[in-house]
Amino acid sequence: MYLQETHDKVFENNKSWATEQVAKDPDFFKKLAAGQNPEYLWIGCSDSRIPAEQITGLQPGDAFVHRNIANLVCNTDLNVMSVIEYAVKHLKVKHIVVCGHYGCGGVKAAMTPKDLGLMNPWLRNIRDVYRLHEKELDAIADEEARYERLVELNVYEQCRNVVKTAALQQSYAENGFPVIHGWVFNFRDGLLKDLNVDFETILKDIQKIYNLTA
Amino acid sequence: MSPENTFHYALSSNNAWAGYKAHQNPHFFPKLAGGQAPEILWIGCSDSRCPETTILGMQPGDVFVHRNIANIVSPTDINTTAVIEYAVAHLKVKHIVLCGHSACGGAAGALSDGRIGGVLDTWLLPLKTVRYNHAEELDAITDEKERVIRIAQLNVEAGIKVLMNNPTIREAIAERGLEVHGVFFDIGCGRIKELGCGTAHKSSSTISGDHVVRGKHGQLVFGQDGEAEIAAAQ
Ligand SMILES: [Zn+2]
Ligand SMILES: [Zn+2]
């Protein structure tokens, strides 16, 4: 029974992991059970190759995590909006990382002229990112390079979407945090690239229209 | 740690991790760059204490992931639905694992009577419904921690029902034997157990005995300047 084997392996692995943590620190789970106090909110892609904690070396308890197809932050999506609100207002995270990755299947699917049924409404947001940066993207002749740039621009736009939320604007005005970071993960070398998103400028920029601090 | 330090820490750890992985297995990243073929779709809570790939002892490439507040599965939530569609119809995962956990803030929130504010009350409505549907059982539990655990488990059962009615999942179960599992992560001991709902009604995967698999795990070591490097653990 192949399926049973993969499934059993998961429980076996989990048990080994738990035993190992206790061997290293007998109070490991006791401390975890006491509560969470993460400094990070991670908004990343569902892609199996990007487990937030493993690639950043963050430990259980360090990063609050939301993962969806192509790391999108949509204004009308109560799912991600709840995550941001909870992380900012209740957990008071200091950093919000939007992490995209080159070779993103979601971004690629959105660039395909094809009806993808149930996924259309979600992927439409990536097509809108393209439209916002149409001139720049159209000027890139190499298809692969254009697609990689779209991944970066998508991260940039999703950072802007985080900044547009009431939770972020109010907390930043009051506490001076959280700050937003845009990262891109590269499978070829396993490294994270910081896009050096200019958070202060974005904030000033969007508040002309999207100011929700009052 | 000051905000700047934690930020530096994560980027520096990533550097160390990438170096370690490439050193350990030169084919690791080229293989990852080739594509993904995960067998598991994990739907879990955003809670920082539930890092799925780590607690499952798995590697990058193994688990496709959606995490939200209180691992709620709402039939009309387009975010979760898109993840399920992509994982089941396109990647053809073999298992869907819906995981709840102890000490869940969302579950505790649903048990309180006040308004949380913002969009959270609306997001947590399915959990509130679970609470009212099981009011008698939940009210009878005197220990508050236990009550939070119980509602989180009932929430998994409710989520499994939504999953089992999803048309894409139904087709995959009928056509290729996709399995759907409801599980629970106990933060107090780090163990996952099956709740006996989904396609497998009875738990068949409880591990007995104390056999420990010793793998070659890397361990992050931090210097005082916040620089990280990875050493092979014994
Ligand atoms: Zn992706
Ligand atoms: Zn939770």
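Numbers run from 1 along the shown chain.
Glycine residues also receive a Cβ, built from the backbone N, Cα and C atoms like all the rest.
Following the DSSP three-state reduction, the secondary structure of B:H101 (Zn(2+) binding site) is strand. In the shown protein chains, 25 other C-beta atoms lie within 10 A of the C-beta of B:H101 (Zn(2+) binding site). If you look up TrEMBL, you'll see B:C45, B:D47, B:H101, B:C104 marked as Zn(2+) binding site.
DSSP gives B:D47 (Zn(2+) binding site) a coil state; it is part of no helix or strand. Other residues of the same chain near the Zn(2+) site, with their Cβ within 8 Å of the Cβ centroid of B:C45, B:D47, B:H101, B:C104, are B:G44, B:S46, B:R49, B:C50, B:A70, B:N71, B:G100, B:S102, B:A103, B:G105, B:G106, B:A107, B:A152, B:F185, B:I187. Taking 8 Å as the upper bound (exclusive) on CB-CB distance to chain A, the binding-site residues B:C45, B:D47, B:H101, B:C104 give B:D47 in sequence order.
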